[in-house]
Structure formats: structure tokens, C-alpha cells
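These notes concern the structure reproduced below.
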Amino acid sequence: LCCCEYVDRRGQRNHLAACCCDCEDLDEGCERWLTCRSLPPGALGRIADTVADRVRVPWFAGAVKINVSLVPPLVLLPVFLHVAALHFLLGLVILTSLPVVVLWYYYLTHRRKERTLFFLSLGLFSLGYMYYVFLQEVVPRGHVGYSQVVALTCGLILMLAALSRAKTDPGYLPIPASREKSLHQGLPGKGVRGSSNGLHASGAASGRAVNGEAQGYSRMSAEEPEGVKKDWCARCQLVRPARAGHCRLCGRCVRRLDHHCVWINSCVGERNHQAFILALSFFMLTSVYGITLTLHTICRGRTPFVALFYCPGAYSDYSSALSFTCVWYCAIVTAGMGYILLIQLLNISYNVTEREARLALRDNTGRRLLGGLVIDTGQYNRGFLCNWGHFLSLGSSSPQRSAEDIV
């Protein structure tokens, strides 16, 4: 393949120059739109698949496919912020509609059970673009010192390092050897639905694969068959330990599953929960510090909270207007992330995960506390200090020695 050629999803050789050619579904859709007729079922999905397959860039060994969800934040965010800086009313409309559009897209992908890089790319590009605007528009005014720029940069680097750690393995349970064998043979589930002896063998095999995790599962399957049914994951074909759960987006079972976070495009579980909280904390500190420095520069003589709502000279020139618009965008994002961090800290204080809180609400087995901000299941709550001590020790002890995994 040359740099502009690729093999499409149908296995045929194609060229970048033909990206707008030979798309029968798109031609039919345009024809029906011009004649005011409805599209046939599944036409939009086929058009979207074709467009996603043809969005590529030239590369050495052939054109490389680009994830379509990465493009909108890179293109639309700077455009919207620059348009919002033209007038106060435009800024009000755009900054009000942006959260609505993001929430709509979240519920759309959540309902379809789809993984997307949109939120991760939006978060990372927002950080980079806000930092660029700060260096280009705020620092040259001379009211921000060198040490303050270094402090803001260090906070950003620490946040990215914690985010990188949060995107590692959240604590996936090992796939049983019987499932791997059935996948290779094309017969899923054949060697697992037999007697408890078969379960014992698969659990022991998977346990030997990763730190002997499944040794406890095999004892459970041999001694308490009723307990196996409660903790059995039909999709992963393994017996889960206490507090583990199956993520329908990742398709894997995770130890002490909290939730699937779209902002990191990964699950939050036993191994990365601490890094996730650390990344949120660094983001909050860095964002609030950057907002404070910017407001002190463009709205001098006013406290940051007052300047956020009343800054008469913000739209006197385009540079100030763009900085003020970015401040409001950061404030909206910071408020959303602050709410997520607050819920996480409360859940840790009561030793409950997001998954357990949702299940408790569904089964009406939990207590609503602090105005409904936290759901106390009472199952693992051992007091504030013990709960935080347990959280800080996640991943440091051997899984089979954990008291919460003993059934």
C-alpha cells in the first residue's frame, strides 16, 4: 500500500481520493432528503460506519484510520470559544448550550452502550487549549509572575501523570482458561457450564495465572453452590469476589468496581481508584488557581468570585473577552468535576462504591444521607477512619487475604 491507500472494512483496497465516491447509502439518503421521504431502517448507521471508515490520514504503510470522536473537540471548541468572545450574549448562549450538548451526547452513548474517546479528547484538549490561552493572552499582561506560571505548569503535569496512572489496569479479573479455550474453538461457554468440578478447574487455572486470585473462588464453588450462582458472571464465565462487578462497556469484570468513567475512557476499580481521586484533586487545584490568576489580571481590584459575575471591562478588547470566556468555560467544567469529586469523597468516607449505591437504590436497601448525596449500604461501613484506611491500602495487600472477599 502507498501512503494514501488502505483496506476498508469490507476488505477491499481503496484510496483517499475516493472518499466521497461509491456510497450508495449516502446517495440514497440525499435523494430521499430532497424528495422529502424518510430513510430506510439502519441507513444512518450504515452511513456513519462508512464515514468513520473513510476518515483517514496518509501514512507510510497506508492511510491510518482516525477515530471520529476525536475530531469534534479539536475543531468545535476553539471555534465556539472565539465566537463566544465576540459578544456577551453570544458567550451566554454558547456557554449555556455546551454543557447541554455534552450531556446529550453522554446519554446517547450510554444508552447505546458504546465506548467513545470524545470525552477524553475533550478533557485533554480543553486543558491544552486553556493553558495556551493563559500563556498567550494572560501572561503577556505582566501581572502573572514566573513562579506562578511554574506552579500552574507543575500542577498540570502532576494532573496528567495521575491521569495516566488512572488509565492503567483498574483490576480486571483474569479470564478463565476454559473461556480462552472455548473462544479459540468457537464454542463459548461449553467447558464452563458443567459440574462444580469444571468450575473448580477453570477457577484454579485462572487463579494460577494472576497471583492465585481464583483459589478462593474454587473453594466457594465446591462448598457453596448457591453462592456461586449469586456471584457468577455469565459473560466472563467466572465467579466474582465480593464487590467485583462486570462493566458492560469494557466487557470485563473488575475488582471493587466503582464505575466506568467516560472522562478517562476506562473503569475505576481497585487498582486505579486512588489515582483517579488524585487526578481529580490536582485538576481542581490547578483549575481554581488558573481561574484566580486570570481574573486577577483582567478584573483587577475585585475578588475572583465577584469578578466572575461582574467584570465591566471584560469585553473592552478581544483578548480580555477571550480570557474571560475561557474562565467561564473552566468554571463550568470545574463545577462539574468538583461535584464528581465530592461524591467520590463521600462514598469513600462511607466505604461504598457507585455501583453498590446504584444497586442499593434499585433494591431499596440503602439509606440516603446528606440530602441524597451518598447512599449508605451499611455492608462495609466501618467508620470514617477505617474506611479511609481501607481506601488508602487498596491494591497493597494480596487479594485472597482481604477480609471483604471472604464469603
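In case you wondered, yes, glycine gets a Cβ from its N, Cα and C as well.
The domain 'Palmitoyltransferase DHHC' annotation in TrEMBL covers 229-357. Taken from TrEMBL, the feature transmembrane segment applies to 79-105, 117-134, 146-163, 275-298, 318-342.
With respect to Cβ pairs under 8 Å, the transmembrane segment (146-163) is most closely packed against 275-298, considering the stretches 79-105, 117-134, 275-298, 318-342.
Using a Cβ-Cβ cut-off under 8 Å and counting only residues 6 or more beyond its ends in the same chain, the transmembrane segment (318-342) has close neighbours at 81-82, 84-86, 91, 95, 98-99, 126, 129-130, 133-134, 137-138, 277, 280-281, 283-284, 287-288, 290-291, 294-295, 297-299, 308, 311, 373. The domain 'Palmitoyltransferase DHHC' (229-357) scores a mean pLDDT of 91 in the predicted structure. Counting only same-chain residues 6+ beyond the ends of the transmembrane segment (79-105), those with a CB under 8 A from a CB of the stretch are 118-119, 122, 129, 315, 318, 321-322, 324-326, 328-329, 332, 336. According to DSSP, the domain 'Palmitoyltransferase DHHC' (229-357) comprises 71 helix, 16 strand, 42 coil.
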